[in-house]
């Protein structure tokens, strides 16, 4: 049956983040990727708006079923970046849901990262060698045993291997029925989400503590970028606020809700602590008026400008950046307050 562009755009608009349009076009690997990442974290879903006509034409092209030559597909930096990112994402999900398992860094982590990389490698008309990708992940993981940052080198190694083994998919045979395809997609989705659901509802305290630590580390890295850090805080608190609106007064999930509330309080505490540190950097008292903030900022910027402190360039650069970050943090908080 010929695929229609209007139907594709309608499915993209209504269920794009969960890959409905990809299911319609027979792109099951892409549909699974979108289901597990909510449309490539939203960015991929918006970006593919311009690619839909080409995919519809390809789905209706009978020549797509003909075999291709032996030459591999062209190297795609976008696909490689997606492999690394999704590999890290799968690794983080495994770290949250399966880190209590014995031998996690030797078995579960490389398996999760390798599968994440392969899901991206299998999108569209391309694929890769799953065995080589998993071998690369399993060989790299023991080198960084016990470190949370092991996810990054494992994902990089697996992605490089997947790119080296890239090839076109073989010509299509008889396509499975829609029911069978949805069944396989559902099984894959359950395999991905079950560990997370178990950890969230049966081991809530441990999961909440881990998320609090992870959020704290992320916000700490962004301390020199207050605007970006503030945006990340609001983004991280959206699920909590939505949950609170749904459960407030209903008593639903009250036991586990208290644990997640600690994560909310933890993130909220970053705002007050960051403001106190900003006042300290600018040598001001807490709650100083805007005029004093401007005055102290101008004086300290002149004092620690690197061009005026060539004899202590490293210290001056560090202090200069701290002053700028503190000033931006205080100004951002003042703008956020209602008049």
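Here the Cβ of each residue, glycine as well, is placed from N, Cα and C on the backbone.
TrEMBL annotations:
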DOMAIN    277-339  domain 'J'
TRANSMEM  6-25  transmembrane segment
TRANSMEM  32-50  transmembrane segment
TRANSMEM  80-98  transmembrane segment
TRANSMEM  105-123  transmembrane segment
TRANSMEM  143-162  transmembrane segment
TRANSMEM  182-206  transmembrane segment
TRANSMEM  218-238  transmembrane segment
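Of the Cβ pairs linking the transmembrane segment (105-123) with the transmembrane segment (32-50) and spaced 6 or more residues apart, 3 or more are under 8 Å, so the two regions touch. With a cut-off of 8 Å between Cβ atoms, the residues of this chain six or more beyond the transmembrane segment (80-98) that come close are 33, 37, 40, 44, 104, 108-109, 111-117, 119-121, 148, 150-152, 154-156, 158-159, 162-163, 192, 195-196, 198-199, 207, 210-211.
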